[in-house]
Amino acid sequence: METRGRLIAGSHNRNEFILINADEIGRIKSVQELSGQICHICGDEVEITVDGEPFVACNECAFPVCRTCYEYERREGNQACPQCKTRYKRIKGSPRVEGDDEEDDIDDLEHEFDYEDIEALGHTQSTGVIPAVRGCHIDSSESAAGSRHDSSSKGLEIPLLTYGEEDNQISSDQHAIIVPPFASHGDEIHPSSSGTSAPLQSRPLVPDKDIALYGYGSVAWKDRMEEWKKRQSDKLQVVKHQGDNAGDNLDGNELDSDLPMMDEGRQPLSRKLPIASSKISPYRLIIILRLVVLGFFFHYRVLHPVHDAFGLWLTSVICEIWFAVSWILDQFPKWFPIERETYLDRLSLRYEKEGRPSELADIDIFVSTVDPMKEPPLITANTVLSILAVDYPVEKVACYVSDDGAAMLSFEALSETSEFARKWVPFCKKFNIEPRAPEWYFSEKMDYLKNKVHPAFVRERRAMKREYEEFKVRINRLVATAQKVPEEGWTMQDGTPWPGNNVRDHPGMIQLFLGHDGVHDVEGNELPCLVYVSREKRPGFDHHKKAGAMNALVRVSAVLSNAPFLLNVDCDHYINNSKALREAMCFMMDPTSGKKVCYVQFPQRFDGIDRHDRYSNRNVVFFDINMKGLDGLQGPIYVGTGCIFRRQALYGYDAPVKKKPPSKTCNCWPRWCCSCCGSRKNKKGKMKKDKKKKLKHREASKQIYALETIEEGIEVKNSENPSRVSQEKLEKRFGQSPAFVASTLQENVPKDACSTTFLKEAIHVISCGYEDKSEWGKEVGWIYGSVTEDILTGFKMHCHGWRSVYCIPKRPAFKGSAPINLSDRLHQVLRWALGSVEIFFSKHCPIWYGYGGGLKSLERFSYINSVVYPWTSIPLIVYCTLPAICLLTGKFIVPEISNYASIIFIALFISIAATGILEMQWGGVGIDDWWRNEQFWVIGGVSSHFFALVQGLLKVLAGVNTNFTVTSKGGDDGEFSELYIFKWTSLLVLPTTLLIINIVGVVVGVADAINNGYDSWGPLFGKLLFALWVILHLYPFLKGLIGKQEKIPTVIIIWSILLASILTLLWVRINPFVSRDGPVLEICGLNCDD
């Protein structure tokens, strides 16, 4: 394999910081390669300062201006930046001009009135400079992380760094940076511009200087207060204008036409849509009636035991009581279902005003992948492409791809993806196509000319399709090459070994592919930031799988871009709706209700599932019924992907609390009712104590939300300045990275931070020992302790008083792939159930955790149900075995049914059916999806859930980890061929056994009824219905066992076997060669005694 560009790798614990250089040219050509900038006014090169930094005139936008033009603009011009119009501040070494009197932070008396020899400041040549990172973008034609460029000229010199203060006495061979030798300088560590082997001078790295210059840990109160006051005055002017011009239109027509738009922009960005009372009222009534019927049912069952089958009766009653409790836990969180509607036009009016920069919030997007052999790189590439082409301001989007397997295949595939994105992104935005994942866009069977009026669309679409086919060929070539790993491991283009050759022992790696100046799309537009991240792994450390990888991305993104919102998607879940981010921002950025929203969860939708959805892969009942019910309470649970988080909520802070209006005191009441004063005072004292406890619990969140409340005018109780928080407490909570700790106190990273500092801190925060003695995984970030970290993470946020939102756009926001094979589907369910068992035995179990916090009762019911459902597998397996036992023994779990009992049973069945029908009605779910869900609930319950329970008990109690292997036995190459592949696994044993014994029971029961005559059919009827209920629920499983039949349908084969068995027994019963009264004996006349 070959690679181009630069890759930053390193280990904080080992004091390593490595720049792997794979450029073909190993020499310095000009200052432009080092600074990467030319003056946008005169076209000259931007010089390098004596400190080894590129000259930066404007600290707000870093618009490239040389020193000469900067001095001229300050002396003769309007003294402002041409791009952002911010007044230029005086830089050390520059003469003072009018307006500099209040800038007291620069002490430079030597050059205060030096107006001569400005031109002599010139261009200062220096070597070994990495350009500065601004947010996630870099002001140079080359990336500090080593992304590759189309330009043939690149600066290869880098500074020699150590962690902490740099000592000038350290020799060049003792520095932390290790640079691989170039092809033309095999023995040189750092080639100079003249080709000699003399090492470059180290650029000093002083953290104190960075903090003072760029504001680490500081908050710009004055600027934000002024901005807030300005917005308030604008609102007052609008109101005044409306009052003054109410009766006339003198010279105000133009402004009056904008007022309706401004009013529309101040409206709520979303609203709740309660379910129609004609649907929800009967539903609630049926639930109450079902509870009443259940009471009568259990009253009858308990008072009417079956004496000749007492064991069967007692077992069945216990199982039925468990099922009733499980139904209550599942049913009542659906008591207040709602739907939501968003207003994207209002969002644009509020935050994207014409002529002004977009005020939409920045979003960091996380894509996680591990093994490229199991998660094809082409699928991951489509997900990344759909993210880069999303309908959102490009400067506000940053995509971080986590490669937890440190695979060079993933790195190379992402490099190819970044190149193809330069063509794909402008095509998507030019013609507004959907979806923006090329694989699914070009495979859609639809009229792609619909609503397309651009004359060049057809031509460009054909050209883009050819480009994508070539891109697929390159990706497939990489996959084919990666099938056989060389013995010495993979190497880079310059011969440097790939740092991730040892998957379990490698340094952290960061690569910035897109998002820096000089790398634009083919039309010259800016592209979103794209970063490759592989966290450090060493033996002896617990890396916590996906949860640990997500926490590493949270920290890296905080150092590089620090967007206030985060979106995480699996590598196989692409953005199907390019406006999905805007949909979420309608909730997150709503000034009235957005502050308490911790995350916005989108439903999961899937491609590539068979039409009948045999194994309920779409999970429609959960996403369209259960989640809507939870949205009416405290919000949906987090399902692991397709979710946009508020960063502050992930940091473990409490939700902000609005100040309540003062209530009436005792003085407000007449004297005759003041006899209750004592009790009121007592209550008041208790309330104060409770408030003090809550205030301590919510200390950190109040500090964080102080700035936000100034912006929006929302009052928060006892807000404090974030700077008052103890630095030790923050480091104990977030780890020992000053840059990351500083980022937790503000929404954006300092604009002019040194790129080397950023990269060093980025490597630091992904080191394997960073989380030691911190609260990561306990109170901060994704929570550890379960393979289903998503449930734990969402649960902790709800316990902190946050609420979540469920967003269902008309066009699905995300789409992914799901396992349609029976064995793979069972193993997926096994993993989910195992995570629930782990949570059940942990301290975070919702049965006993989180009381006294912000979790609502019905929301707790939902979380309890999410962790106890694997335990339902035990009574379910027993209950599915009872029909076969009853048929084989002739006993039954119910005594002779009276008229009263018949009414109760019929009422129970009707209430169950009515509940399901009404749920399907208000949830918009079809009966096929509902029935498939019921079937797979039984299939998963008697297989995956039970094995997860056993595996969880062994892991928790005995510390034994068990795995269930999957072996492929055959398949074909037709459509949905994976559906018919038979893979044997131990998960298939229990459901297969239940099927066999129930079918045998039916055969034996029918045979017995035939033998015993007409009177035996009555008692047999209930037993047969019981057994057929089990067989019908396991029918998809039986189809999966049999596989695909080319000519004969599976149902015919099943019924043929069953009917053949019954007819055979019937033939034995009515055998005409045997008399009904037995054989006829006649006296033959012979004396046998003789």
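In case you wondered, yes, glycine gets a Cβ from its N, Cα and C as well.
Quantities reported herein were computed from a predicted structural model and do not represent experimental measurements.
As recorded in TrEMBL:
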- Asp404: active site (ACT_SITE)
- Asp790: active site (ACT_SITE)
- Ser368, Lys374, Glu375, Asp404, Lys545: UDP-alpha-D-glucose binding site (BINDING)
- Lys546, Asp570: Mn(2+) binding site (BINDING)
- 39-85: domain 'RING-type' (DOMAIN)
- 283-303: transmembrane segment (TRANSMEM)
- 310-329: transmembrane segment (TRANSMEM)
- 868-888: transmembrane segment (TRANSMEM)
- 900-918: transmembrane segment (TRANSMEM)
- 938-960: transmembrane segment (TRANSMEM)
- 981-1007: transmembrane segment (TRANSMEM)
- 1019-1038: transmembrane segment (TRANSMEM)
- 1050-1070: transmembrane segment (TRANSMEM)
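Among the stretches 283-303, 310-329, 900-918, 981-1007, 1019-1038, the one making the largest number of Cβ pairs under 8 Å with the transmembrane segment (938-960) is 981-1007. Applying DSSP to the domain 'RING-type' (39-85) sorts its residues as follows: 9 helix, 4 strand, 34 coil. Glu375 (UDP-alpha-D-glucose binding site) and Asp570 (Mn(2+) binding site) have their C-alpha atoms 10 Å apart, to the nearest angstrom.
Highest Cβ contact count with the transmembrane segment (1019-1038) among the listed stretches 283-303, 868-888, 981-1007 falls to 981-1007 (criterion: pairs under 8 Å). Its Cβ placed at the centre, Asp570 (Mn(2+) binding site) has 22 other Cβ atoms within 10 Å. Here Lys374 (UDP-alpha-D-glucose binding site) comes close to no residue that lies at least six apart in sequence on the same chain with a C-beta under 8 angstroms from its C-beta.
Averaged over the domain 'RING-type' (39-85), the predicted model reaches a pLDDT of 80. For Asp570 (Mn(2+) binding site), the recorded positions whose C-alpha atoms fall inside a 10 Å radius of its own C-alpha are Ser368, out of Ser368, Lys545, Asp790. Beyond its flanks by at least six residues, the transmembrane segment (900-918) meets 279, 282-283, 286-287, 289-290, 293-294, 296-297, 300, 304, 331, 894, 930 of its own chain at Cβ-Cβ distances under 8 Å.
Each of the binding-site residues Lys545, Lys546 was scored by the other Cβ atoms within 10 Å of its Cβ; the lowest score goes to Lys545. Under 8 Å from some Cβ of the transmembrane segment (310-329) lie the Cβ atoms of residues 294, 298, 301-302, 861-862, 864-865, 868-869, 872, 875-876, 878-879, 882, 885-886, 891-894, all in the same chain and six or more residues away from its ends. Around the Cβ of Asp790 (active site), the same chain contributes Ile637, Tyr638, Val639, Gly640, each under 8 angstroms and 6 or more positions distant in sequence. Sequence-distant neighbours of Ser368 (UDP-alpha-D-glucose binding site): residues of the same chain at least 6 apart with a C-beta under 8 Å from its C-beta are Ser402, Asp404, Lys546, Ala549, Met550, Leu553, Asn568, Asp570, Cys571. Listed in sequence order, the residues Thr369, Val370, Asp371, Gly405, Lys546, Ala549, Cys571 complete the 8 Å Cβ shell around the UDP-alpha-D-glucose site centroid, once Ser368, Lys374, Glu375, Asp404, Lys545 themselves are left out. Residues Ser368, Lys374, Glu375, Asp404, Lys545 are recorded as binding UDP-alpha-D-glucose; their most distant pair of Cα atoms lies 16 Å apart.
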